[in-house]
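Undergrad: So that we are looking at the same thing, I have put the structure below in structure tokens.
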Amino acid sequence: MGHQESPLTRAAAGGAAYIKRLRKVLSWRELGDGHGNLEAEASPGSVAVITRAAPRRATRSARLPASRPTRLCRQARLGTDHPPARAPRGNRFARKRNSAGQITIQGPAPPHLGARRRDEARGARAAPLLLPPPPAAMETGKENGARRGTKSPERKRRSPVQRVLCEKLRPAAQAMDPAGAEVPGEAFLARRRPDGGGGDVPARPRYSLLAEIGRGSYGVVYEAVAGRSGARVAVKKIRCDAPENVELALAEFWALTSLKRRHQNIVQFEECVLQRNGLAQRMSHGNKNSQLYLRLVETSLKGERILGYAEEPCYLWFVMEYCEGGDLNQYVLSRRPDPATNKSFMLQLTSAIAFLHKNHIVHRDLKPDNILITERSGTPILKVADFGLSKVCAGLAPRGKEGNQDNKNVNVNKYWLSSACGSDFYMAPEVWEGHYTAKADIFALGIIIWAMIERITFIDSETKKELLGTYIKQGTEIVPVGEALLENPKMELHIPQKRRTSMSEGVKQLLKDMLAANPQDRPDAFELETRMDQVTCAA
């Protein structure tokens, strides 16, 4: 994929000519796919796939198996499950599940994922993340007793790593920055002088890591403190030796930096820093004058490692807003049901999705794990996060028309995407087939709101963690709603699922519309925002 050249050809061509050709490739790819996140026109023959595992992403592709493997056993909960589907189970397109609840659908197989590396944890001090101010020459640019009742069904999924104490994190930063390995506490980072003069200047630590708050194959997230202001921030560390990591990082980078205005329900992105050989450089998206940025894009396009080796590790660091309240799962399931809180969360989520769609962004992985909570203002505020699978639709075009990167009249509900990606319990029927639009976000939001109001959950069989998620019961198994609707589009959803749930008629009808099997029957984000303001949660 992309522009292929052998190392010998590259050396012969010379650095300047090579970068010039790479820029041409980048310009061509930018117009169609947004830096390695190619969205081809949907076709029944081949569907690219990115599969997800809670709480963070793992990307894999696999060829279509010859026969459908046996479904994982999922223990059903008596008394609170959805009634069995009325239609027989008919032929289902072939797919495969693994023990983490991931799905693979037909598509080309990319290079094998880089093995996840868990940093050693020793030491007795908080580790400084050494990011100096960039030179001018660099680019800038519980409540207890909350839930009682029957046991939730089990579903194999991954769960977040438990919070690690700050005393154990110093080696993690040392692995990131060799200079930090020898200088504890008041460490320095060598960088070149802005005026181009020789020698090194000391750099005050920009951020100090406090605790690890999340880990996945995509990266590690730390709680950190800004050295100058003392503000708490979240810092995501992504190792650049795996092309899949770089591709997901660039997708998130593009989505968050394309937002020209802030929204209180979207996690705020502060800056991106590329660290290599002990030197840090701020990155700006789309800067074709940055050789390092072009090499990142080349890594994503070619699917081969360009930056980052064992002897000289290379990392991307995303600095973002810190949310101290955990995710939506933790917040909702640790408190008693409250119609006022439910209504507030519904309004906040619809406002966030409308804002994203207005800015031509399809999230594609909405789920409670990716919705964070902050209570700094005294009331819970939701923050939609984790944009690694998101798609910026500016520059795409309807069939038969040329793309226009500057087109401000993009309608995300008319742009067809083809990568079957997301988390299975929240995937719309059309996503399973690999032919969908932004209406898939509306379906995922419907699943989240339904599960939040009724406290419908399943249990991770490995970690025993309870997760919000709506499902359909088929015999002794539980099936994601989108998958069941794909088998039987005429299946009637019983909302509310529990007889004792108090739910207004307005919410019932709104949820049915959001979960319609046909995406054309669902409201778009702007209509949903208007309707959501007019309904009440309790009957």
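Glycine too: its Cβ is placed from the backbone N, Cα and C atoms.
Here Swiss-Prot flags ASP365 as active site, proton acceptor. Look at Swiss-Prot and you will find ILE213, GLY214, ARG215, GLY216, SER217, TYR218, GLY219, VAL220, VAL221, LYS236 tagged as ATP binding site, backed by sequence analysis. Under the heading compositional bias 'Basic residues', Swiss-Prot lists 148-160. The domain 'Protein kinase' annotation in Swiss-Prot covers 207-535 and is backed by sequence analysis. The region 'Disordered' feature in Swiss-Prot is assigned to 103-161.
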Undergrad: Take the Cβ of ASP365 (active site, proton acceptor) and count every other Cβ within 10 Å, whichever protein chain it belongs to.
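TA: Looking across every protein chain shown, the total is 22.
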Undergrad: Starting from each candidate's C-beta and looking 10 angstroms out, tell me which of the binding-site residues ILE213, VAL221 has the most other C-beta atoms.
TA: VAL221
Undergrad: If you count other C-beta atoms within 10 angstroms, which of the binding-site residues ARG215, GLY219 is the most crowded?
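TA: Counting every other Cβ within 10 Å of each candidate, the maximum falls on GLY219.
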Undergrad: Would you report the average pLDDT that the model assigns to the domain 'Protein kinase' (207-535)?
TA: 88
Undergrad: Helix, strand or coil at GLY219 (ATP binding site), per DSSP?
TA: coil
Undergrad: In whole Å, how far is ASP365 (active site, proton acceptor) from VAL221 (ATP binding site) when you measure between their Cα atoms?
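TA: One finds 18 Å between the Cα atoms of these residues.
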Undergrad: Let me know the DSSP-derived helix, strand or coil state of ASP365 (active site, proton acceptor), please.
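TA: ASP365 (active site, proton acceptor) sits in coil per DSSP, no helix or strand.
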Undergrad: Write down the Cα-Cα distance for GLY219 (ATP binding site) and ASP365 (active site, proton acceptor), rounded and given in Å.
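TA: Answer for this pair: 17 Å between alpha carbons.
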